[in-house]
Ligand SMILES: Nc1ncnc2c1ncn2[C@@H]1O[C@H](COP(=O)(O)OP(=O)(O)OP(=O)(O)O)[C@@H](O)[C@H]1O
Ligand SMILES: [Mg+2]
């Protein structure tokens, strides 16, 4: 495994008013690894994602993406530097069809920027990529259906597709299987493995069986701090983790 | 709003409106050949461009502007200054056909300047900034009389300027054809803009600015470019207005003009490309024809707007389109009668309401309320109770039947149908 | 100069208190419901006209109470049968609805009362001189305006800080979503707040209609300025509205009462009275006064969208 770090968080803090939610968080995510974040409700996992992805500003500390500082950059700049994310609550262009969602997600990474002199539908490369993605997402049949009319599981897959489509090397997924049945969750996990390939992946996940199946390494976030990072084996055997998390929150 | 996403099919057959509409537009001045009618048609053309440019903001990008007249008016003023300098030079210089381009340039220029600080936020903040800018520019128009010509405005002469094709623009019909040509060009360009990456992302930013950021787009820049381009087309409309009317005054930049384009676009339907076309046409028509016929036109206009906002946010085009889709999907089977009944009772109600309003205007506004008054072809005395009772009666019966008889009837039929479907 | 300053402060405060009466209701409504009521100035206008008409029958003092109540009732109807329906579509349609309403109310007012100003005057008792300052007479009516404004501010303050209803409003101002969670009937609370805000505007109209003129144009005249006050003060903040009203009142009165231009006071410096900056250099302050509020509005929204005292952004 390479030692280069895709993501590096050092002493990151975030407070909302007087409440300190992230309290000096340190984390290293290696390139190409699948890193799962676990932790109890309200530990600050989504907040951490918001800080990394530029949705919120950090109060203190630094975040590096492939060695470049990204804390306090606006979200679209972070995205252009190679990081993309999904949300805990489905976040799509609800009025657009599956294909339109995919096309929108591809436009920037295919270099079309703010162009107003060429037609979107005339871009063969975008069309081909979008169809290919729809196929890999198993959404070919729903290609022309508005996102708002898809089933919940389909919406979640589409969101993963859009996240991948935007051409990022580092992908953050916030509870991609939340609210799903066992079979649906399994499908989504397979989908994630299929779609993300070589990319660096950071996933928040509650379902421990999923966690151990997916993870190269696991970090445990409790009360705004990472209390342990390691391989699934190490985490399983870590006493502090068992006490703080696994012991109390068995799913 | 499903129809307002940017996808389109390249089916050639679907292009028929682009052929039929200009053909109709060219035939119209031969059918209605009074000077007044042709002027009205020209104004409609200008209003259509203006409304289309407005919908680039409201419909396509979700930006509600209360100050779009700024770009229309400033475009008109700059074009007027150029026209005057051409007049002064004895008719030498830019051909009159290209004058709207000057307006467009001015619109773009001011759109870029004001856009830089208007578009950082959407929603209410944007609306308030445009309101403030509109008021600012309008107040300035009375301060800087050199440029704005004070209360009287500025004049210029369109026939004392060179023509590209040697056309004499003294007759208003020739001006009308110029308007049609520019309206077509503007409509095609605005339509094509919707199909570009910018147009798509404008929709994306309208629906979900956050998601747009996470696919790499800066919502502020998307809004900014849309805003500047929209201002450009507003300026084009302004430049064209200089040719049709040969006068510009502070009315071109005032709040009423900004309000009228908002009302018209919304009434037409912001979710459809032809919405603003219908709206722009209708506003111009009502403003000129209805205002000659009744004093109450602003009231009718306001009531219509409120009714649309409350009951049919997709506008007039939206109403027709939903009914059409419904009919095509077979949703009218077995209840066509109920639908027509609702339509009919609604119209009766509106008729009654119109009678009431007309009576009220006569009663409160005319010098002698008891003077004979021609209401819908019947001569009545507005100080008598009878015409009031009849008018109110018609309105109440019409709306009453619609709401408490027609609607439940349709609901019952639809309910019965869906139950049948399930069984 | 001292005279001018004293004069513009006193008249500015007077104008400012009138602005406050108009805008306090708007800021309350926005803070709680998130609705920017475009027709707020129209309710202010209705207050003036109602007071005029009631006053013909009952005299001013009764009308002073009746008119705001009537305006509040109209507000309740508008909220219940109009806004509530539009609410489901989002904030922009709400704004559009009130925008259309402003048009309709203006037309109706013009229909019933005519397009020329009505003779709405202060009662004779208030028309006598209260005191004289720098050679100018000030009537009891102006004192009365100040008293009404102070009573209104104190009343609002007491209502918000000291009563149970105020507690709910206060909670709703900071976390509108929580009011429902606490088991209050949110639609009912909305209707009441909207009615109350409109009644405040109506009270402003009862007084302002006398101070200015009562004609159908008064709403479109004051509407944008009321927005400026509310945005500058911070949407949802009542003290903010007071401070912003006074700032704008004093500033505008000052510009209206001094007679100077940059060219007069600094010298022409060879700048000619033409071109954008030239004209500006020679422009008398009185002619800049009408632009000032809008300049403030735009600058506030650009540099400090939550205004002076606001907690949330617009
Ligand atoms: N914008 C905000 N303002 C104030 N507090 C916030 C904000 N966002 C999050 N919080 C608080 O921060 C804490 C952490 O929230 P976060 O959503 O990051 O938790 P999480 O670990 O993702 O939990 P879950 O497993 O439920 O998703 C919570 O107590 C939450 O109330
Ligand atoms: Mg979370």
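Any Cβ shown, glycine's included, is placed from N, Cα and C.
Computed from a predicted structure; not experimentally measured.
Remote same-chain partners of the transmembrane segment (B:12-32), defined as residues 6 or more beyond its termini with a Cβ less than 8 Å from a stretch Cβ, comprise 38, 41, 45, 173, 176-177, 180, 183-184, 188, 274. Feature annotation from TrEMBL assigns transmembrane segment to B:12-32 (among others).
Per TrEMBL, transmembrane segment is recorded for B:38-57 (among others).
Annotated transmembrane segment per TrEMBL: B:69-86 (among others), in sequence order.
Annotation comment: TrEMBL describes B:98-117 (among others) as transmembrane segment. Long-range neighbours of the transmembrane segment (B:98-117) within the same chain, counting only residues 6 or more positions beyond its ends whose Cβ lies under 8 Å from a Cβ of the stretch, are 70-72, 74-79, 82-83, 129, 133, 161, 164, 182, 224, 227-240, 242-243.
For B:124-144 (among others), the entry in TrEMBL reads transmembrane segment.
According to TrEMBL, the transmembrane segment annotation covers B:175-193 (among others).
Here TrEMBL flags B:221-243 (among others) as transmembrane segment.
Among the features that TrEMBL reports, transmembrane segment is placed at B:263-286 (among others). Residues 1, 3-4, 17, 40, 43-44, 47-52, 54-55, 58-59, 187, 191, 194, 297, 300-301, 304-305, 308-309, 314-318, 321 of the same chain lie 6+ residues outside the transmembrane segment (B:263-286) yet bring a C-beta within less than 8 angstroms of a C-beta in it.
Residues 1, 263, 266-272, 274-275, 278-279, 282-283, 286, 290, 354, 357 of the same chain sit 6 or more residues outside the transmembrane segment (B:298-320) yet have a Cβ under 8 Å from a Cβ within it. Marked as transmembrane segment by TrEMBL: B:298-320 (among others).
Annotation comment: TrEMBL describes B:340-364 (among others) as transmembrane segment. Remote same-chain partners of the transmembrane segment (B:340-364), defined as residues 6 or more beyond its termini with a Cβ less than 8 Å from a stretch Cβ, comprise 294-296, 299-300, 373, 375-376, 380, 382-383, 387-388, 390-402, 405-407, 409-410.
Here TrEMBL flags B:385-404 (among others) as transmembrane segment.
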Annotated stretches the transmembrane segment (B:175-193) and the transmembrane segment (B:69-86) touching (3 or more Cβ pairs under 8 Å): no
Stretch contact, the transmembrane segment (B:69-86) with the transmembrane segment (B:221-243), Cβ-Cβ under 8 Å, 3+ pairs: yes
Cβ contacts under 8 Å made by the transmembrane segment (B:385-404) with residues that lie 6+ beyond its boundaries: 341-342, 345-353, 355-356, 359, 375
Non-local residues, at least 6 beyond the ends, that sit with Cβ under 8 Å of the transmembrane segment (B:124-144): 63-70, 73-74, 114, 117-118, 150-151, 250, 253-255, 258
